[in-house]
Amino acid sequence: MEKWLLSFILGAILSLFLPTVPEVFSIIITFTLGLAFLLVKKLRFVSGLLIAAAYIWCQADLHYTVLAANAPATKNLFSEPMRIDATIATLIDKQTTDKRFTVIVDAINDEKLVQPFKVRLSWYRNSPALSQGNRIAAWVKLKPAHGFANPGSFSYQRWLLVSDIVATGYVLFDPPHTTADISATVTMAQRIRNQIDAFIPESEVKPLIFALTLGDRQAFTATHWQVLQSTGTAHLMAISGLHLGIIAALGYWLGRALVLLLPVTLLQTAPAFYVPVMCSLLSALAYAHLSQFSTPTVRALLMLMLFWLIRLSHGRLSLCLWVLAGMVLVIVVQPFSLVSPSFWLSFLALLSILIWVYWSRSSQPPGIITRIWWFVRLQLALAVMLLPINLVLFGQSSWLPWLANLWILPWFSLLLMPTLMLMVLVSSLFPLLASYLAMFSHWQLAFIWEQLRWLDSQQIMVLSRSYQTALCSLTLMAMVMTVLFRSKTMKRNIALLAGASMLMYFIVLPAHQHANRHRWTMSILDVGHGLSIVVEKQRRALIYDTGARFFSGQSIASSVVIPFMKSQWLQTLDYLVISHSDNDHAGGMMDILADFSPTTVVANIPASDDIYKVIEQRKTGNVSQSCQFPRRWSWQGLSFEVLWPDLPRWQENEDSCVLLISDGATNVLLTGDITAAVEAKLLPRLIQHKIDILVAPHHGSRTSSSIAFVDALQPEHVVFSTGYMNRWQLPADDVVARYQQANVKMHNTSVSGMVRFSIDQHRVNNVIASHYRQDLAPLWFLNQFATLAQDKP
């Protein structure tokens, strides 16, 4: 049984490593072969692989074809405004004017759908009072579920898939596209949220209470995420398996207490064991309902139900078999959770606990002191074993989770969670009591949050991603495990692991760095409508533009550029070059300055500008106002030459800092948002240079890339940095035609994701282009979109 379950899990994993989902016929053949192999004992392991792969592909096909299945209602869904009838499926934060929420669409243009589907909507500019459960009828503009595609950053497209969302869009507010109707229906979870909102004053802690009671983290700010991630407590501040386990345990002990009150005659007909189990399950089910059955909560609920089912049936199941069966059950119920990092982090944490308990041969000791010591050692072992995993998944790790969990976990389990649950239970019947409980919970969380903020400030304990950090983490993990484990065999094996890690550190890493001393890369990141380019050589970087900043306060720099830098093990930023002041180019400048402290900032920033003053106060670099022709500098064997502007101006597209990068054999031209008039002035300065790579001026706008400019440069590659299905329809068709006529290889970040050029003048082919979606991560769950009936698959 264990082997077959393991093969099913392995087959589900392997099904993810295809660029596209197979055709329906291929899925049927795969599933049929899996069933046939199931009858042959020697081929049962293979049957698990095939059945799992076919199941995942089938679910994916149903997801991506749900729009086509609703034809003709969905015809022109992505090309024209549509009137939808839908139900709001997520909680709404009433404090914000711009709202983002998920709806279940069941009618389009008054035509009922065969299969309702989920859409993620944004409602800007004075959105009305909305609540979960409301029925809305509104005009919307939609496009397929899509996200930026870059290494290291959060994959919004993957999150949409896990949430079973097939399209995104926004509500139209301009006449004649106005909202038609909003019903007054409100869900219980929304009513509870509104009550908590009224009980608790506005504070930094308030969003944490929403997260713990309802699994609602939409009010989290960048500060919340930073503190929770660096302290390793993000799993504590939302409804997850841990919280559901606490509630299930509380329900079980409540059931045990209830048994003492039941008549003896009733206990003779209904065994006392059933009552606590049912209380445990009902408590967990109610808590999962509050979280709208979120993915982590359902995962934990399934594991709990499987555990109690085995106990009630008096079956004997090993821990290994329970974990494998639980994983298979979760994959069957939530097939897309496979691509969620939380799925793997949850099961790896559970597996780490089981491994430590087994190999340390530590049974639960009887004394209170020894129990506390056992808990301390368990937390240390868990922190050490998950250290490399956190480095890979999140780009950083820390010892802070160990320190935080030591005291927060008992507090959560014994005091905070019971208080919050009691508050929720009495909120409708006894609002005064609920308000006191809410304030008590607020006080507890305020104290906990203050300590977490202090831990977050101790940056010396945070490990950022780098080759050295990864190898040293493996070595340290091996050394600590040697102390924690008692088995001599395990000590010997771990010592060998430590020796191998040190060998890699002193031999493999220097050889790798020496082999790549001539190579340099340029990555044009997928940032939507905007621009951000990272030039890298020998683990040092130059950034040209930072992408946009949004009205919410979030920026492309914090969500894309900085995670990319960390994923590429880049910790040193020597130059930050800003082409001009437009938000889509300079919006994330402050975040880059705060995170990397670049040695030199090259930008035509006026001394009166607030950004200039901040840079001066930080003393992080040399502010240069001389991004002006003919400034030149050298960096690690590369030469940089400013070709424009003639005067150091900052405000307009025509003032963009045009930069020529060369290694002596390959020339790269970065143009910002210059217009055709500036292009004409640049041509005399470019006569002596053969341009190999051109970043298209102004994202491929009709006001740039003139015929004379394209014909004169004749670049080998041109890159358009544009937004997916953007409202300006960039790059313009006539601009694309010009580059096609010149036989230029075109790359578009909205189609390919990040575009990377690996350049080495010592190679025969000195420029190699690669794309994130097609080359670096050619996986269907990252790159496939929902299709309409008339679309080609």
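The backbone N, Cα and C atoms fix where each Cβ goes, glycine too.
Per TrEMBL, the feature domain 'Metallo-beta-lactamase' maps to 529-724.
The annotation transmembrane segment is assigned in TrEMBL to 234-254 (among others).
The transmembrane segment annotation in TrEMBL covers 266-287 (among others).
Same-chain residues lying 6+ beyond the ends of the transmembrane segment (317-336) with a Cβ under 8 Å from its Cβ atoms: 1-2, 5-6, 8-9, 12, 52, 55-56, 59-60, 63, 161-162, 164, 295, 298-299, 302-303, 306-307, 310, 343, 347, 350-351, 354, 781. The transmembrane segment annotation in TrEMBL covers 317-336 (among others).
What TrEMBL records for 342-360 (among others) is transmembrane segment.
As annotated by TrEMBL, transmembrane segment applies to 372-393 (among others).
Panel annotation: around the transmembrane segment (424-446), residues 191-192, 195-196, 199-201, 203, 205-206, 208-209, 212-213, 290, 411, 415-416 of the same chain, lying at least six beyond its termini, place a Cβ under 8 Å from a Cβ of the stretch. Positions annotated as transmembrane segment by TrEMBL: 424-446 (among others).
Annotated transmembrane segment per TrEMBL: 494-512 (among others), in sequence order.
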Task: Average model confidence [pLDDT] within the domain 'Metallo-beta-lactamase' (529-724) - done: 89
